[in-house]
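Worksheet for the structure shown next.
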Amino acid sequence: MGDFNLALVIVAIVVCVIVFISSIYLLVNYQHPDDANQAYFPKFVVVFGLSIAMISILMLPADVANRHACRHAIYNGACNLTLPMKDLWLAIYIVDAILVFFVIPFAMFFYEGDQDKTLGKRIKSALIWVVTTAVVCALVLGILYGVIGKVDFSVRHLASATSTFPTSWQFSNTQPCIGNTARQCSAFTANPTSEKTWTMRTTFPEYVVALATIVGSVLFTIFGGVGIACLPLGLITAFIRRPKAVITRSQYIKEATELGKKARELKKAADGLHQEERSGAKGRKWRKNVKAVEKELLQLEEDVNLLEEMYPQGEQAETAWAFTVLGYLAKFILGIVGLIVSIAWVAHIIIYLLVDPPLSPFLNEVFIKLDDVWGLLGTAAFAFFCFYLLLAVIAGAMMLGLKLVFITIHPMKWGATLMNSFLFNVGLILLCSISVIQFCATAFGYYAQATAAQEIFGHTLQSLRGIKYLYKYNVFQIGFVILAGLTFLYYIAFGWRRKKTSGRFQLSS
């Protein structure tokens, strides 16, 4: 099996290189033209953060493959050339936490700093915010680790009577080694009072990962629960509300005139808000108005794109309309596939996690059977389900960002994504990726058993003092399913309706 172990190491290195190249590809194709040939530090953070996020998701399938690298699934320490998965997990998530709480905020403060200031002043301003955050986080982590940084494992004290060795070593049916009356170990019938609590202090890296997981789990429950429903249903409703035919030139001119008027109103409002920002009047009303302008701007861009789809121009107008029709058809197909995956996810959570004892291994058994068909087929399906949860988080964040005032909108658009939106979404992905891994390690516990991820997330995290009850009573899983159900009902009731064009835009006074 040594050759297989070496192959696993080589595959891991190749995958890391592919992930790094993919991150650069996403940055180059999604970045805004205004950020071309500048903002190199934020771009480095984006590429590095995306790579860490994708690698962390792929590490769980790698952990499962690593477990099988030894003959008869012997634990990894019993053979050579396997990956040190526990050390890799801790390293990845410590880097993850540093990026989320320190590096990405610094890059965002630096990027969004006043361009009229010198480079030194922008760095100084960003450092002040980050150092303040670092001091607060260090104090909170230190106090919590010192006071409640322990794990409480429930164990059962077992005791059994012993039998004396026989004086004669001539065994037969009438003279066995153990007497006929010794049918079971007496500890098997131990009473409930024999249960004890074994307390020990966890390591600091594991504690940091645990707290980061809690923060990520809250966001994952909210955004993921909403996104698991709105991701496929959003694609399906886009197909339902698609333009059915090309409009006339007069209709196009009328709609374009209205959109131009709306654009001038938004520009005037944005200029006014910029003047207020310069004067230091950044109160609650200012933030509310900024949110309103962002929302209207996104709606305006969506209306412009829709108008261009309904009235294609140029020599290839017919071809453009054909691609528009095919694009909406692709959205419908992807929406149906996504809906099947979302239903499978929610059903698996209910069947395997919320019902005690589980009704069925469900997706665990599917992955195992796929592995029997071809070695990496189950692993690939496993990775796909994990990645789908991350996509659901992004979709949920976008939907809630458009509906709720206190959530900032950071859309990701091909060729039009500013670096602050890139950084925000990378931070969200990194923070939620920890929770996605923990969630998958729990949801697919039967398939991912005896892995390093289960040791960290399945035992230590769920026994950590102060937060173990969140996992004991499935708080996050229940919240996830409830939000998914509410979002589904929302789309059934309102999602199919066409959006009404808003009237004249005005700032709140």
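Just so you know, glycine gets a Cβ as well, placed from its N, Cα and C.
Here's what Swiss-Prot has on this protein:
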- 251-316: coiled coil (COILED)
- 8-28: transmembrane segment (TRANSMEM)
- 44-64: transmembrane segment (TRANSMEM)
- 90-110: transmembrane segment (TRANSMEM)
- 128-148: transmembrane segment (TRANSMEM)
- 208-228: transmembrane segment (TRANSMEM)
- 332-352: transmembrane segment (TRANSMEM)
- 382-402: transmembrane segment (TRANSMEM)
- 422-442: transmembrane segment (TRANSMEM)
- 475-495: transmembrane segment (TRANSMEM)
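Confidence for the coiled coil (251-316), expressed as mean pLDDT, is 81. Here the transmembrane segment (90-110) lies next to the transmembrane segment (208-228) in space: the count of CB pairs under 8 Å, restricted to residues six or more apart, reaches at least 3. Most Cβ pairs under 8 Å to the transmembrane segment (44-64), among the stretches 208-228, 332-352, 382-402, 475-495, belong to 382-402. Remote same-chain partners of the transmembrane segment (475-495), defined as residues 6 or more beyond its termini with a Cβ less than 8 Å from a stretch Cβ, comprise 217-218, 220-222, 224-226, 228-230, 233-234, 237, 342, 346, 349-350, 353-354, 399, 435, 439, 469. Against the transmembrane segment (382-402), stretch 208-228 shows more Cβ pairs under 8 Å than any other of 128-148, 208-228, 332-352.
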